[in-house]
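S.K.: Could you have a look at this structure, given as structure tokens, before my questions?
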Amino acid sequence: MERDEVFHCALTGLLIGTILLHLTLAPFTKVEESFNIQATHDIITYGVSASNRTAFLRANYDHSEFPGSVPRTFVGACFLSGIARVLRFVATVKDGEDSQFLVRGILGLINAASLLSFRNAVAKTFGTTTGDWFVLLQASQFHVMYYASRTLPNMYAFALTQLGFGAFVLAMNPPKAQSKLFHSRTIFLTTFAGVIFRSELAVLVFTIATFVLAIHGPKSLTSVFDPPGIIIPPGIGGAVLGLIATVSIDSYFWNQFPIWPEWSSFYYNTILGKSSDWGVSPWHFYFSNALSRLLLNPLSYLLLIPLALAQPATRSRSIALLLPSLGFVAIYSLLPHKEWRFIIYIIPALTAVSAIGASWIWTRRTKSILYRFLNLFLVSSIVASFIASSAFSLISSLNYPGGDAIVRLKGLTYHEPGSQRIYVDNLACQTGVTRFLESRSISSNTGHRKWTFDKTENQTMLLSPTFWDQFDYAIVENVERTIGKWEVVDTINSFAGVQVVKPSDDLGFGKVESGILQYWDAIGMLVRGKFTKGWWVTLRLEPKLRILRRERTGVNIGVGEGVEMSDEIV
């Protein structure tokens, strides 16, 4: 294998490995991912039933108890669960967090494959060096790589849009007939993804279609046969196939026909304006805040993209990538509620333009001292971005106290006989408690046992002493809201900010739960004494959840390793 091929394979492994590393560091989920992760669990565990569907769904499926404000599609969950069921059988993956890791890993690999497909299109159109720089710039970003394995609807749509953008890049190559075919594929895939997963992609379809219309002329709009239309026919095809998929699948799971979840979401959030209830941002938020955070490396927008636009050889094709992408962001900025994940689809396209500029600098590295300096600056920025991305991943991993609480509870109950009933409150459910973690039946030296969870939110029931009498354990944010005699057996901390440690401050080594933080503070103990004169930077944690155990009179309760016992009685 030649040297270039080895480097090419190494970059492929880097992109895949980065996604899986983020997954390993932060294996738990948050409320935004809840619907899809719960739906995937239920399909894997219970499957479907043709008889007495209403009772079957009510008895087994999470969305029957927690439907949310609007319906969401099961299409992505069905796809993931189908692959996961096969792999679970082949690899004998156990229930619980292992299955959740598998499901998220599958989604992460799908998105990695879509990014690599886009990389190949960039390499074919702009050269292998540009494709390599695309991988380095993309892998060193945080948001795309961290969220690639997270079951947000946006990340299901992400894979399809990257395949569409890959076709869009290939359309820049001659001949013109092939260009039309690739543009048609872009319209089809983006429309298909928008109909099923995310309605905001309609805006991206519009900006791409407008660009294609400007390139190929009015005949590209509606003609079906000679020459074949490359806008409306594939758009209709993507919409029809998307509707068939979502209506047929979702009508079953929501027990209502017909139902189109993404239309319901669009109507509720956009037409009724309910998305504004989650907050509003100024019109310039995406341009002044989100894009720079998503790209991460400041050289991307300060140097590399301007360089790609400045060179006559790459200007027109760079503009072709930038115009539909930034046009999408500009139009979508009209909506008052803004989140970075709504525009994540165009980040690889902007990164590709950055890679064009990076390639231009790299190919001139031997020409002068100035180019050598620019290359050193460029490589250093990539390294710095990887370090920053790793730091963000570490910080983010400390924001899932619900998932951490389940892991701790497993250790606390390992030697206890029988089964336990456990109450989990809203914060725990929003920060990592999923059915994958709940469903784990545990076999230990005390025999086979299992957990039964309760997530009651009814305030009247929560004020009843008899309600609390049924539980052996509780995972709660506010201890004072529990009723009965409980003892705090563990406290789950979460990220609360960055802390500058002064020479007079105690670093608190050994008091944090995260293994990575313990290593970091161990380094701090050495560095403070020899190099920084007592100064250090660490992460500040604060209590978020507490694990309560019903008080047991006359029973000597031991404390597991790493657990700080509290004498507090509730």
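Backbone N, Cα and C atoms are what each Cβ position is placed from, and that goes for glycine too.
When I checked TrEMBL for this same protein, it listed these features:
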{"type": "TRANSMEM", "residues": "7-25", "note": "transmembrane segment"}
{"type": "TRANSMEM", "residues": "101-118", "note": "transmembrane segment"}
{"type": "TRANSMEM", "residues": "155-174", "note": "transmembrane segment"}
{"type": "TRANSMEM", "residues": "186-215", "note": "transmembrane segment"}
{"type": "TRANSMEM", "residues": "235-254", "note": "transmembrane segment"}
{"type": "TRANSMEM", "residues": "319-335", "note": "transmembrane segment"}
{"type": "TRANSMEM", "residues": "342-363", "note": "transmembrane segment"}
{"type": "TRANSMEM", "residues": "369-388", "note": "transmembrane segment"}
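Walk me through the surroundings of each of these features.
M.R.: Residues 12, 15-16, 19-20, 23, 27, 29, 37, 40-41, 44, 80-81, 83-84, 87-88, 91, 93, 134, 138, 144, 148-151, 155-156, 158-160, 162-163, 165-166, 169, 348, 352, 436 of the same chain, all 6+ positions outside the transmembrane segment (101-118), place their C-beta atoms under 8 angstroms from a C-beta of that stretch.
Nonlocal intrachain contacts for the transmembrane segment (155-174), taken as residues 6+ away from its ends with a CB within less than 8 angstroms of a stretch CB, comprise 36, 75-76, 107, 110-111, 113-115, 117-118, 120-122, 124-125, 147-149, 180-183, 185-190, 192-194, 196-198, 201, 204, 208, 317, 320-321, 324, 344-345, 348-349, 352.
Long-range contacts of the transmembrane segment (235-254) within the same chain: residues 39, 48, 53, 57, 61, 63, 71, 73-75, 78, 187-196, 205, 209, 260-262, each at least 6 residues beyond the stretch ends and with a Cβ under 8 Å from a Cβ of the stretch.
Listed as Cβ neighbours of the transmembrane segment (319-335) (distance under 8 Å, sequence separation of 6 or more from its ends, same chain) are residues 168-169, 172, 200, 203-204, 206-208, 210-211, 270, 275, 283-287, 291, 305, 309, 342-343, 346, 349-350, 352-353.
Distant neighbours of the transmembrane segment (369-388): 136-137, 139-142, 296-299, 358, 361-362; these residues of the same chain sit at least 6 beyond its ends, with a Cβ under 8 Å from one of its Cβ atoms.
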